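The domain 'ABC transporter' annotation in Swiss-Prot covers 5-231. Sequence annotations record features per position, and here Swiss-Prot assigns ATP binding site to G39, P40, S41, G42, C43, G44, K45, S46 based on sequence analysis.
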Amino acid sequence: MSLSIRVNEKAFGKGSFKTSVLQDVNLTVENGEFLTVIGPSGCGKSTLLKIAAGLDGDYEGRISMNGREIKGPGIQQGFIFQEHRLFPWMTVEQNIAADLSLKEPAVRKKVDELIETVRLKGAEKQYPRELSGGMSQRVAIARALLREPEILLLDEPFGALDAFTRKHLQDVLTDIWREKKMTMILVTHDIDESVYLANRIAILTAKPGRIHKLIPVDLPFPRSRTSPVFQTIRQKVLKEFETTETFSFQEGSGI
């Protein structure tokens with residue numbers, strides 16, 4: 001699976017009210033790659049992810065998967081939002097199955113497997129009000145994986161969680177990626193998270209967002225945040241990120 005992203009321009013508004021959010025973004029994500037996307041606030045990270053998922057078609061450019069143009073959402077793309085968006089009247093297993101019937105043996109088997117994968121064994125019958133934030137996001141991850149998408153797109157899914165839970169779910173996500181060998185693209189504000197998870201990091205400039213730098217992360221798994229190599233890559237990413245932040249400040253200040 002190769003995902004080709006070309007966004008000549010994405011803008012909101014018309015005429016004198018037009019605001020360009022993304023410009024001249026060209027990116028290819030290879031099969032099995034874990035790409036993280038970082039950049040200043042408002043640079044269009046989440047918008048780019050929604051375009052890649054087929055959730056936003058109002059842009060100039062082309063998104064294709066294995067040469068086939070993506071014109072809307074499909075089962076080949078799984079999407080996880082910043083909020084878990086679980087149905088409050090459904091149990092964990094019902095939320096994972098969503099519109100599919102748990103009475104179907106194949107669905108039942110798949111849901112049970114995913115409950116094991118995201119480490120929710122024993123919580124199958126619980127409702128969202130009984131779950132912690134981390135558990136709720138694990139349900140959302142399992143639901144996104146149910147139809148076995150070719151690519152999983154994640155829009156800051158751990159942003160609202162405490163540090164301990166966040167690190168735990170990063171490990172869960174890494175295990176899923178390594179086991180299923182699927183392609184993942186994750187948007188984040190967290191540089192440590194970006195280095196911990198990714199094969200490659202895309203850094204966007206300030207609005208309008210463009211690709212500022214692509215940085216490979218050549219680290220074996222499992223990774224240690226305290227290792228010298230990890231810290232070296234982190235400092236490299238931070239330096240490039242600060243460059244985009246400085247540019248954003250200068251643009252806004254008229255310097």
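Cβ atoms are placed via backbone N, Cα and C, with glycine included.
Feature map: annotations from Swiss-Prot on the structure.
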residue : record           : Cβ contacts under 8 Å, 6 or more apart
G39     : ATP binding site : K45, I203, L204, T205, A206, G209, H212, F241, T244
S41     : ATP binding site : H189
G42     : ATP binding site : A206, K207
G44     : ATP binding site : K10, V21, L22, L204, K207, P208, G209
S46     : ATP binding site : D155, E156, V187
Extra residues within 8 Å (Cβ to Cβ centroid of G39, P40, S41, G42, C43, G44, K45, S46), ATP: L204, A206, K207, G209
S41 (ATP binding site): secondary structure state under DSSP, collapsed to three categories: coil
K45 (ATP binding site): tally of other CB atoms within 10 A of its CB: 24
